[in-house]
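A.B. asks: What TrEMBL shows for this protein is this:
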TRANSMEM  20-40  transmembrane segment
TRANSMEM  61-77  transmembrane segment
TRANSMEM  89-111  transmembrane segment
TRANSMEM  131-148  transmembrane segment
TRANSMEM  160-177  transmembrane segment
TRANSMEM  223-245  transmembrane segment
TRANSMEM  251-274  transmembrane segment
TRANSMEM  281-300  transmembrane segment
TRANSMEM  366-385  transmembrane segment
Amino acid sequence: MSFVAHGVGQSQDLPLPLDLVLQAGAATVVISFLGSALLWRRPRLAGGNARLIRVPGWLRYPVLLTSLLLVGVAVIGPRDPSNPAAHALYVWLWVGLIPVSVLAGPVWRAVNPLRTLFRLLRLPSATRRPIPFGAEWPAALTLLAFVWLELVAPGRTDPLVIGLCLIGYAAAQLTLATRYGERWFAQADCFEVYSSLAGRMSPWYWRPPLSGLAADRPGPGRAAFLAVWWGSTIFDSAAGSPFWAGVLQRAGLPVLLDTAALVAVCALVLLAVWRMNITNALIPIAVGYTLAHYLTLLLVEGPRGVLLVFGQPATDWTPAPNPSAVAVLQVALILLGHALSVLAAHDAALAGSPGKPPLAVLPEELPVVLFMVLCTWAGLFLLFVR
């Protein structure tokens, strides 16, 4: 199966020249920084009280049943584009979970089919065992395995490969949950952690808005998870460029080179994120760039997956999104994510220096601002230069 391009992919789709868009991106970060410096004089995000929208308990059972049916169809169904397995995993779950979580909070924790199956099977668990590597490191490793499957694996759209990988993933997660308890899913199921981090931006889950970004002190495991999340999206954008296609054609060994490049990009992002200690503040950037990168995939292939589930041909849904409108929305998502990240980073800097005047903290934030300007340029450039 061949999905449509994730982004618009052409600079001529922009209503303004690309160089002006890049300048606007840098200006957005700088103005956000100056505005927060003048108007945000004390930390305001820490201490917000969580107010979770309660997902009806019965909803977990339809989600479990749907998941089992889709895995079954992936394994025994046709191995052609009429099988909805790839749409379910790569579009509905990987992309669709972001806007749902941003709006409603960490919903996957409430409907996670692995948690439901663990409870229904009444599997034994040893809840006192410490989870290896610390919080969220296991989730970072499982996310790296998932994005490798999505972006690099030769059979990544083969329904049988998808089904077998999901069965293996579920078996491993359930087995380890019997050793470490149900809390294992909160730290090792990449989709639950993914939803929980995006849900920190939800206005319905946290008060005041964005206070979820200051709810705790992240460790290196979360930095690694964010690096894989954001780094894999950056790699996906770069891998679609003519330059990288030429490198693979000349050198051969595409799987090996793609794997090395994916790991290298994620490692570089991890180094930058961890050195500047801004893990939680970068969540809005990751959310904004992911939505911008996969926007057309969600709009076009999401409904097609629904048609495939009901046995209808995907060609019955043939929308033609206006390229300029999509490009403007993509730019807006990236810039909004960066503006919110600047605000969150500024609030964290104020909270981390309680004895300093607000203006005295600003020089410490300059490396973060410069880093975010570079990230804005890179994100816009990779989306629209193909």
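Glycine residues also receive a Cβ, built from the backbone N, Cα and C atoms like all the rest.
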A.B. asks: Same-chain Cβ contacts of the transmembrane segment (366-385) under 8 Å, 6 or more residues past its ends?
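C.D. replies: Residues 7-11, 13-14, 18, 21-22, 25-26, 28-30, 33, 234, 237-238, 241, 272, 276, 278, 281, 285, 289, 292-293, 327, 330-331, 334-335, 338, 341-342, 345, 349 contact the transmembrane segment (366-385) from elsewhere in the chain.
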A.B. asks: Going through 20-40, 61-77, 89-111, 223-245 one by one, which has the most CB pairs that fall under 8 Å from the transmembrane segment (160-177)?
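C.D. replies: It is 61-77 that shares the most Cβ pairs under 8 Å with the transmembrane segment (160-177).
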A.B. asks: Any residues 6+ beyond the ends of the transmembrane segment (131-148) with a Cβ under 8 Å from its own?
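C.D. replies: Cβ under 8 Å, 6 or more out: 94, 169, 176, 180, 183-184, 187-190, 192-194, 219-222, 224-225, 227-229, 232, 259, 262-263, 266.
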